[in-house]
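Listed features, source TrEMBL:
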- A:171-234: domain 'CBS' (DOMAIN)
- A:235-291: domain 'CBS' (DOMAIN)
- A:317-337: transmembrane segment (TRANSMEM)
- A:344-362: transmembrane segment (TRANSMEM)
- A:394-413: transmembrane segment (TRANSMEM)
- A:419-445: transmembrane segment (TRANSMEM)
- A:457-479: transmembrane segment (TRANSMEM)
Protein chains: 2
Amino acid sequence: MTEVEVKKTQDSLQDRLAQVVDLLHRHRLVENLAHRQDASNQEVIDDLVRRQNLTELQRKLDELHPADIAYILEALPLDERLTVWQLVKAERDGDILLEVSDAVRETLIADMEDHELLAAAREMDVDELADLAPELPRDVVLELMESLDAQQRERMRSVLSYEEDQVGALMDFEMVTIREDVSLEVVLRYLRRLKELPGHTDKLFVVDYDGRLTGVLPLKRLLVNDPERQVGEVMADDPVTFSPDEDAYDAAQAFERYDLVSAPVVDKGGRLIGRLTIDEMVDLIREESESEVLNMAGLREEEDIFASVWKSVRNRWAWLAVNLVTAFVASRVIGLFDGAIEKLVALAALMPIVAGIGGNSGNQTITMIVRAMALDQLGSGNAAWLLRKELGVGLANGLLWGGVIGAVAWWLYDSWSLGLVMTAAMTLNLLLAALMGVLIPITLARMGRDPAMGASVMITAVTDSGGFFIFLGLATLFLM
Amino acid sequence: MTEVEVKKTQDSLQDRLAQVVDLLHRHRLVENLAHRQDASNQEVIDDLVRRQNLTELQRKLDELHPADIAYILEALPLDERLTVWQLVKAERDGDILLEVSDAVRETLIADMEDHELLAAAREMDVDELADLAPELPRDVVLELMESLDAQQRERMRSVLSYEEDQVGALMDFEMVTIREDVSLEVVLRYLRRLKELPGHTDKLFVVDYDGRLTGVLPLKRLLVNDPERQVGEVMADDPVTFSPDEDAYDAAQAFERYDLVSAPVVDKGGRLIGRLTIDEMVDLIREESESEVLNMAGLREEEDIFASVWKSVRNRWAWLAVNLVTAFVASRVIGLFDGAIEKLVALAALMPIVAGIGGNSGNQTITMIVRAMALDQLGSGNAAWLLRKELGVGLANGLLWGGVIGAVAWWLYDSWSLGLVMTAAMTLNLLLAALMGVLIPITLARMGRDPAMGASVMITAVTDSGGFFIFLGLATLFLM
């Protein structure tokens, strides 16, 4: 994609969204009026006004950066989103499709004709095309593949052969390569002949005649060194490189850690096959954090906030069903003790406190642990240490808050033994919460699963059933 | 800070951590032995072995990039962290202090003498110094300020005058500025005289004689254009700029949206006063996502996973206390209905199901809304739409899962009216969860608070008390 000059738009983006929504609503209002009125004069006037609004809207959209239009599309409910989408100039479709989230892209593609999709896709680079390909209709993809030359087709196949979370799926092919046995002067002349450098070019890749990477020449070094010097003398000969089957999230962390802007991707033989750039890595870091938040709440990551009710129901379904089962188990645990509750109805009122505080505390622990695992801070060496610490925190909080609530229960129900049972149950349930808050994510990770997946639902299940069992069990033993 | 060449270390970082931990444990083992043994011969030998381990550890650390050492320090419990910290060469202290998180930095600084801190700080740029200043002892800061020249002191004061979340606090001063009335050839010669360009220099800043920014010259354009051309012809004259009092997170989103690597910061008069770089923005994006996850669980963001038990207890204290109050309220709600529970003990077993599913569903909604707000996708124009949608999802899930659990209750307790009450209560509680899941974060944001703050605790409080009240209330009305 070509570089687009952007105005300083970031602080007024919310305003622009408001303007678009306003124009859309005026358009809608006129349309609604038109439906209600019969007088044909009125219709003509309305039609004019409506078109005027749309023209103004189109003018506004033409001024915006593709990323800003993407933002506006994300923030609109489906029907308004499609109205805006139809007003966007066809030649900008490709840029915008690449900027929106997967869920929104799906709705936009569904609204496009095959020939529109083809036109948009023809403007794209191979790596961008590969990003989009899985979501395009099959015949569009086939027609596109035919229009590519052999190298491009080979590259597209290579990108598509990697998993979404591998470096190979995120690399692009816009590397500028040079030889090490030429002078910087020659490199400078070569670059001038190129007319344009790819986005995020902060270094040139130095390769030998077999295409093997021998080093990188940062533009900074090219610019400050004497033009008479050879590339080989000036280049960095031990750069950070990535292999295409490496985990993309690890690569993103390396970009963050070593403050990289671009980096070469090499195959097993050391041959340069592509490059990674910081913009893709930033997107990845954001997506990773997002999916962590969503996963903990038991949401799949693809939900667009304006998805239909039906789609949202299906998205949230699975974990709600799991929760239903766990809640039912908790209910049966209570059922075991209905004799005790019948004798002492105060137990029914107090038991949710034990379960609730356990759930809250367990959620705090599991959030900390998931966080530490995402940042790779948790190894086998320190897991035991962390478990002891969390148990310590649980014990302290249990004695403290359990003591408080035990005293309140004693005062309310005038029974010191009930208060003691309450304190003991709170403490034991907080210890259980700490134990499971550490063990659940570690076990999920050992099983190769995402440690955040439904973490919140699972820990709550344990602290609910566990809390009821501990409290009602202790009550049966000591109070009946 | 000077540029550091890094090897390809990212895939072996976990290994390196394991090696460090291993050496630390061998060191510890020998130390423990030394304490237990009395034979002086043995002591000498142990001492030798211990020193050997430490020497090997030190050698390993010297090979690592400061960011990697920071990672290892983050992943170690306090005492082992300080052992490693003491082995790090003094001249690298500054780089590493800048890489670690605030919580870990605090522990490292507490372990350093004033003269060590001064030595480390003297290696830093002004903006880095300003980052660190709030955590340094007061007399160290005063001594540092004295060692700065007038311009540096002015800049440091300026950075310190902004809030942590403003652009001004994150800018650096490493801009390379040029005039627009010179040729590219002159610029190239000027850069060669500089010997080195600051990190993340992807563009030069074009200023007039009053220091006002008139444009930017991307290195890409400098390299591909004819050296005879003037800067003024080639530069981009309408670049994205930021003002120092702008919200830093908005700036980070603009970096992401427009794929920026660096950008100028200008004051109200249009004068260039600093620059922002992508590395600071990436850190910000990550921190923002992290604090969102932590805030939802009711954790303050500063907790280092290896913080002491006592520190962790205080960190989690506040929301646990809030939870205790809300759980107590829920308990009193149940207390209102103890007559009903005494008559029909099944109510005690079924009520946590209604509350639990409501809490889970409410957490899903609130997570979606907080997410949308963090991405600026929620405006006054679409809040009503979203509320209707979430109510729709709640109704659908309520009828569906409420129906299932109602049927189970009917079958278990052989009472169709109990099943109907169950279904109705589930549906109403899911509607309440949807309503509050949308309203809580919106209200918090309107009050100027973080919408994620304790979101999970609050929504659970509502769905617990609400769920108990709805279920037991309906049961009293229709079953008693």
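Every residue, even glycine, has its Cβ placed from backbone N, Cα and C.
Assigned with DSSP, the residues of the domain 'CBS' (A:171-234) fall into helix, strand and coil as follows: 21 helix, 17 strand, 26 coil. Looking at A:317-337, A:394-413, A:419-445, the range that has the most CB pairs within less than 8 A of the transmembrane segment (A:344-362) turns out to be A:419-445. Across the domain 'CBS' (A:171-234), the prediction's mean pLDDT works out to 93. For the domain 'CBS' (A:235-291), the DSSP-based tally of helix, strand and coil residues reads 24 helix, 15 strand, 18 coil.
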